[in-house]
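Noted in TrEMBL for the protein shown:
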- D10, D345, H346: Mn(2+) 1 binding site (BINDING)
- D304, H309, H357: Mn(2+) 2 binding site (BINDING)
- 3-393: domain 'Metalloenzyme' (DOMAIN)
Amino acid sequence: MARAFLVVMDSVGIGGAPDAGNFFNGTLPDTGANTLGHIAQACAAEQAEEGRSGPLHMPNLDRLGLGAALKLASGVEAAGLGAAPQGRWGAATEVSQGKDTPSGHWELAGLPVPWAWHYFPDETPAFPAELSAEVARLAGTEGILGNCHASGTAVIEELGAEHCESGWPICYTSADSVFQIAAHEEVFGLDRLLKLCEDLAPRLHEMKVGRVIARPFTGEAGAFERTPNRRDFAIMPPKPVLTNWVQNAGGRVYAVGKIGDIFSMQGIDELRKGPDAKLMEHLHNLVATAEDGSLTFANFVEFDSNFGHRRDVSGYARALEWFDAEIGKVIGAMREGDMLVVTADHGNDPTWAGSDHTRERVPVVVTGTGAGELGQIGFADVATLVARHLGVEVPG
Ligand SMILES: O=P(O)(O)O[C@H]1O[C@H](CO)[C@@H](O)[C@H]1O
Ligand SMILES: [Mn+2]
Ligand SMILES: [Mn+2]
C-alpha cells in the first residue's frame, strides 16, 4: 500500500515568479531574486567557500530534477545542477498574496489563502498605539521596545540590554504578516513570553495578521542568542487541507518540525520537533516505521532562519549539501509504494538586499512514481499529487 512523504525545504526558491515585482525587500522589488540559482552561481564562482568548497553538490535532488526545475522556472543554469531527471519534476507558482511560510504551506496543502494578510508599515512606530498599549497591558509593563521592522538577531543585539533592564518586551515585524516578541528566557521568563503571545494572538488573528511569534533568547549583553524555544501562534486554516483529507480517509498524519504550528495542528495525529538535524532523524525513523496510507509532512526551517534571513550564502550552501546527502539516505530506505515529494514554500535569496523572504517559484521533485516532466504547476497541485498517490479524495 501507499505512503507519502512531503518534505518542504523552507525558502529554497528557484526564481521566476511572475509577480515578483509586487513584493519587496525594503524598496527593492523581488524581480530577479533566485535563492537556489544565485547560491549555485556563487558556489561555482568560488564565492561560497566558508566550510565548504566549489560547485554546489546536490547530486541526489538534482538526479530527481532539481536543476531542470530551476531552469524551467527561471532559465538559470549553474555548475553542479542540471542532470537528466530520473524523477518527476516541475516548477510551482504561488497565487496566494503572501511570500511567507503559512501562505506557502497552506497552498501546497491545497488551500490558497482566501484573504489579504495585514502587514505593518515599515516605519517607527510600526504598530497602532492601541495595539502597543494592549501588549504592554498583557505583559504587565509600562511599554514596549522596538515597534519597528527588524531582523530578529539584530534587534536583540540592539535592544537586548535595555530589555533586561526595563523588562519591556521587544516587539518587531517584517515584510511578512507577523507580530514577533523577543524576550529574555530568564529575565522576562519563557512561560511568561509564551503566555503573552498566546493571549495576544486572537486579537492579531482578527486583524488578519498571520502569526504571533515568541522569540526567546538567552545570554549576556553582547552575546545574546536565540533559543530553540521559538513558538508560532498561527491563524487557523479556514478550510480542510491535505492533512485533514488524509486523516478523514483513515490515514495517519505525522508532522515534522513547524508543520504543527503552521496548521494549528489541524489534521495532524503526531508532531515531532527539534532542530533540523533532529528533524532529519525523525524523517529517517518515519520512513522506517510509518503505516500504510500515512502522510508524513516535514518542514526543514534552518535554510530560512539560519541562512536566508541572515544572508549567509556559504551557510545556505552547506545546509543544502547536508540536506541532499541525507535525502539520498531517505531515498535508499524507501519501500515499494512510497512517494517522496521535495518542495519549498517561498524564496529567501541570501544574495539579495534586505533580510526578508523573496517571491519566487519553487521546485517540485518527486520520486517513487516514475519519471517525467510535471512542467509549470501551481502550489496546490502538490496537494493533489499526494492525495492521488494515497487514493484520498480531493474535495472541490
Ligand atoms: O529575523 P527573524 O526574527 O528571524 O524573523 C524572520 O522570521 C519571521 C518568521 O518566519 C519572518 O517574518 C522574518 O521576520
Ligand atoms: Mn518559510
Ligand atoms: Mn522566514
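Each Cβ is built from the backbone N, Cα and C atoms, and glycine gets one as well.
Features per TrEMBL, on structure.
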residue: D10; record: Mn(2+) 1 binding site; CB count, 10 Å: 23
residue: D304; record: Mn(2+) 2 binding site; CB count, 10 Å: 26
residue: H309; record: Mn(2+) 2 binding site; CB count, 10 Å: 20
residue: D345; record: Mn(2+) 1 binding site; CB count, 10 Å: 30
residue: H346; record: Mn(2+) 1 binding site; CB count, 10 Å: 31
residue: H357; record: Mn(2+) 2 binding site; CB count, 10 Å: 32
Q. Out of D304, H309, H357, which of these binding-site residues is nearest H346 (Mn(2+) 1 binding site) by C-alpha distance?
A. H357
(Q) Can you name every residue in this chain, apart from D10, D345, H346, with its Cβ inside 8 Å of the center of the Cβ atoms of the recorded Mn(2+) 1 site? (A) V8, M9, S11, V12, G13, D100, T101, G104, H105, D304, A344, G347, N348, H357, V362
**Q.** Other same-chain residues whose Cβ falls within 8 Å of the Cβ centroid of D304, H309, H357, the recorded Mn(2+) 2 site, in sequence order
**A.** D10, S11, S305, G308, H346, N348, S355, D356
Q) About how far apart, in whole Å, are the alpha carbons (Cα) of D10 (Mn(2+) 1 binding site) and D304 (Mn(2+) 2 binding site)? A) 6
Q: Scan D10, D304, D345, H346 for binding-site residues whose C-beta lands under 6 Å from an atom of ligand 3 and note them, or write none.
A: D304
Q. For D304 (Mn(2+) 2 binding site) and D345 (Mn(2+) 1 binding site), what Cα-Cα distance in Å is obtained after rounding to a whole number?
A. 10
Q) So which of the binding-site residues D10, H309, D345, H346, H357 sit close to ligand 1, that is, with a CB under 6 Å from an atom of it? A) H309
Q | Confidence summary for the domain 'Metalloenzyme' (3-393), mean pLDDT rounded | A | 97
